[in-house]
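Marked as signal peptide by Swiss-Prot on the basis of sequence analysis: 1-19. Taken from Swiss-Prot, the feature disulfide bond applies to 27-53, 34-48, 38-54, supported by similarity to another entry. Per Swiss-Prot, the feature region 'Disordered' maps to 141-183. Swiss-Prot lists 159-170 with the feature compositional bias 'Pro residues'.
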């Protein structure tokens, strides 16, 4: 239900296609009714051709509760403090404060589920990135630096070629016949 509710709420808040041509006198994904006038406890959300789309108090309460409690507050107090300009403080104190607050922030961005790898003591080198892309499959990216490729080329030329496999003697029908005659 938690996964479907954001989709449901976003669809409810967008302009919906009129379903009146099918014969249904409903609007807003079936949660509202097309009427000439809304009742006292109902609210008008959108238009159904020449009529009003009226939504009952339960649906209004459902939407309000979702908007109030269902959507997490991205900008909580700590983030708002972090965004304010600091007075009489050094950059080190600001950095320590930001680093202490970062684990508490829940990110809702596109990169929230992306894993990042940080390599300490990395030296900048010329690198070549090779990306393999096949439609409908996972993309794998291989990155090799100049020094790594040179080492691998040198090691490939320095190593001796593999020994050929021992020759397999396959029995021929004539040899089998000779052995059978000897017995």
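Glycine residues also receive a Cβ, built from the backbone N, Cα and C atoms like all the rest.
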Neighbour count (Cβ, 10 Å) for residue 53 (disulfide bond): 23
Local Cβ density at residue 27 (disulfide bond) - other Cβ atoms counted within 10 Å: 26
Alpha-carbon distance [residue 27 (disulfide bond); residue 34 (disulfide bond)] in Å: 6
Disulfide-bonded residues clustered about residue 38 (disulfide bond) [Cα within 10 Å; pool: 27, 48, 53]: 53
Fewest other Cβ within 10 angstroms of its own Cβ, chosen from the disulfide-bonded residues 34, 38, 48, 54: 38
